[in-house]
């Protein structure tokens, strides 16, 4: 009797022995709710990072701090040029002329200037929240697409007497939609057409404001309202953002839009000064974020975080000459990690004028101070005194008001935490804050303004540190609970796989055979678990903890209760494992070590794509050598595997920002056809070879399969033609014809249906799927990612050939030793230790689909121009859907091949799915500890994305399994038995 390498060990298995049907049915019923549990658990624990790392900083209940000085301005005009880069604003054009002549004249003669440093995510909503409300928005707002307000917050507009706002429908309603003392208007969403020059949107905002002033001449109530103090006028200028997305920030259209916003700033200034004639208006010109060279934004690149800031008018200092001395690094860093004293580029022509850089959130207290209003109560900005024209006593009063406003937030958070904590731990550096305030007041009374300013700044910094302390107050408890939850889930998943998909379950209950005793033990464990859950729930309730805290702890306790309820199973498992032979222990440890090494390799690949190049260069050689010595007489197969792996290895050396290359996309269509033809020829000419018989299976070829293949190849060719036609016409005419849209949608739709009518043999069906998804992928491609599609298919084909060889050799070996695998179902066998390679290879290829053509985890990696062959009118939902569908196509190819291989090997697909989830959770728990909330936001955002991607795989992979099952459910595997016997 031979020994198998079952996943749990090499034990002698008696022929004909099977698991108890009753136990098998009971275990099968657990499958559905286990999947549901996995989905719920990952969804809940994925939210935990927002409670741990990114809990909303907003608290309510603070009183505003009224500044104790006279307001220098009666009204303020805020101009925000959405998507305007600092360098494109300040630098000259190719002729040496500056694009913003009016604002440059302001910088040189009337006001102050600098660079405003934005904290990513450099998106429109967070940027405007920073400017107008003074805090960096809770990242959980992204779950609402940055549109709605997850938590209501205070802003400069709220504190104003009245706010007039005109601009984009995506921005204005955020601040004015629920504000009773506001007058606002927006243009329709349909105006945001990426196929046109969007500078007319800026003109629309100006025209609305001009119309408002003109109407006031005939409307006494409006006139009276406009003449009141503490007014804010806000013009949102979207043109640069839209033109940057559509045409790139180095295009003539974008650069001309810089001139447009400068001209609007001049006309607004002339209009306001001519209307009010009191020199009591302050002006702020800035941008919410910049724009990368490829026309996107979102990350922490300086092109996205550096925005211009120009202030002038009432209450603003006049220009000062710049100090010639070189600044030393004082250790201060802006929110985008830039140093305090940034050198001004010589080409800007402003080196002789003093530059005052700020954090973007500093603009809100600046505006409030100019209007003599309390700063927004949620603001964490630091008042930039370099911009304000106040005397020494007024400066310290303004700075003290700013400090008190931050201190009030700290005191409110401390009060809330103390009221809800059973055992409260205060923030010791601010325990004597009241005496510090008294000392500052005494210094001010004594005229010691400089000492008072330093002490006020120290108190403000300590208050910010105190805010951080209470922001992270629950970290240790939450991280411990969530970590134990992940570990519990992984152990529980392993137990399920052991009991459901391995030969171990077949003799487990015959060894214990005490079912009633087992039920009693489980009942005791459940009672203890629910008692513990109740005690902790009461403690959390007393502390008024959020509902999710209860969910985290309850889920963790539930999982560990389930594990301890399997005490008898664990005891028998350990007894069997400890009694296994030495060779099996070595094999088990080696498999575990290799698995962990590969998974850690994948973790590191998220930050370094080039690791995949090394991986495929190595694997290509090893796999080719294995096939060369295992498959005699087929020398070209090892060469094919080698070449395909090396070809795919080149893509992770290419830039993540895919450059436009329409000709390469067109050529890729013909490459895809050639790959399809090669697979077809292999299918038709290799039918008699024993190694590949199970994937060819000519008996199931349908009569019309040849015509179907020609039709699919034709659609791929048509899609290449439409790539050229649609792109060239849109480039020349600046529009996408309706006819082109209809043809593109039709080609994409029809091509994805055709694989359902292809032959059911493994290679024929997978070739048809490959050709079926090629047209939509080509139509959504802009560069080298179209070639990647074909290269990925070649590696997937190499994987199939490799598994065919392994299967044939294992069958031949089993026949020679007269060992039979234990069967689970009619066409499925028990999982073996060697089968772990399948989910591991799947994990590698699945992640290559993520990172093979860019950094999927970065917000800025989504290239919006990919959808322009289907739609150009701005439609966020449809555009996002097309982008996501494009990214899904390589995943679907990988999962189709994975499903086919599970059929080929005769292993349970759901069992392999659980092993995939187990592998991904090893990575998930690693990424959980790698989530960052310090450093540059590019690092922070990527760490969130990495954790979210891995957490979502339990749903993501299952969803794609269900979707691809439409194509793979009827794949038929030929029997290799006859050829195996002939070989013997």
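Any Cβ shown, glycine's included, is placed from N, Cα and C.
Since the structure is predicted, the reported quantities are computational estimates derived from the model, not experimental observations.
The domain 'GPI ethanolamine phosphate transferase 1 C-terminal' annotation in TrEMBL covers 465-936.
Look at TrEMBL and you will find 475-498 (among others) tagged as transmembrane segment. Here the transmembrane segment (475-498) has long-range neighbours at 7-8, 27, 30, 34, 38, 41, 45, 48, 51-52, 504-505, 549, 552-553, 555-556, 559-560, 562-563, 566, 569-570, 573, 831, 911, 914-915, 917-918, 921-922, 924-925, 928, meaning same-chain residues at least 6 beyond its ends whose C-beta is under 8 angstroms from one of its own.
Long-range contacts of the transmembrane segment (525-542) within the same chain, counting only residues at least 6 positions beyond its ends with a Cβ under 8 Å from a Cβ of the stretch, are 422, 549-550, 553-554, 557-558, 560-561, 564-565, 567. The transmembrane segment annotation in TrEMBL covers 525-542 (among others).
Beyond its flanks by at least six residues, the transmembrane segment (612-629) meets 601, 605, 635, 637-639, 641-646, 648-650, 652-653, 795, 798, 801-802, 805, 844, 847-848, 851-852 of its own chain at Cβ-Cβ distances under 8 Å. Sequence annotations record features per position, and here TrEMBL assigns transmembrane segment to 612-629 (among others).
As annotated by TrEMBL, transmembrane segment applies to 636-656 (among others). When Cβ-Cβ distances below 8 Å are used as the criterion, the transmembrane segment (636-656) is approached by residues 609-617, 619-621, 623-625, 627-628, 784, 787-788, 791-792, 794-795, 797-798, 801-802, 848, 851-855, 858, 861 of the same chain, each at least six residues removed from its ends.
Under the heading transmembrane segment, TrEMBL lists 662-682 (among others). Same-chain residues lying 6 or more positions outside the transmembrane segment (662-682) and placing a CB less than 8 Å from one of its CB atoms are 709, 712-713, 716-717, 719-721, 723-724, 727-728, 763, 767, 770-771, 774, 778, 781-784, 786-787, 789-790, 793-794, 797.
The transmembrane segment annotation in TrEMBL covers 707-725 (among others).
According to TrEMBL, the transmembrane segment annotation covers 737-757 (among others). Residues 702, 704, 708, 711-712, 715-716, 718-719, 722, 725-726, 729, 765, 768-769, 771-776, 779, 869-871, 966-967 of the same chain lie 6 or more positions beyond the ends of the transmembrane segment (737-757) yet place their CB under 8 Å from a CB of it.
Panel annotation: around the transmembrane segment (762-782), residues 658, 660-662, 665, 668-669, 672, 675-676, 679-680, 682-683, 694-697, 701, 705, 708-709, 712-713, 715-716, 718-720, 722-723, 726, 744, 747-748, 751-755, 789, 793, 796-797, 800, 863, 865-867, 869-870, 882-883, 885-886, 889, 892-893, 896-897, 900, 903-904, 967-968, 971-973 of the same chain, lying at least six beyond its termini, place a Cβ under 8 Å from a Cβ of the stretch. Per TrEMBL, transmembrane segment is recorded for 762-782 (among others).
Annotation source TrEMBL lists transmembrane segment at 788-810 (among others).
Residues or ranges marked as transmembrane segment in TrEMBL: 838-857 (among others).
Taken from TrEMBL, the feature transmembrane segment covers 877-898 (among others).
Here TrEMBL flags 910-931 (among others) as transmembrane segment.
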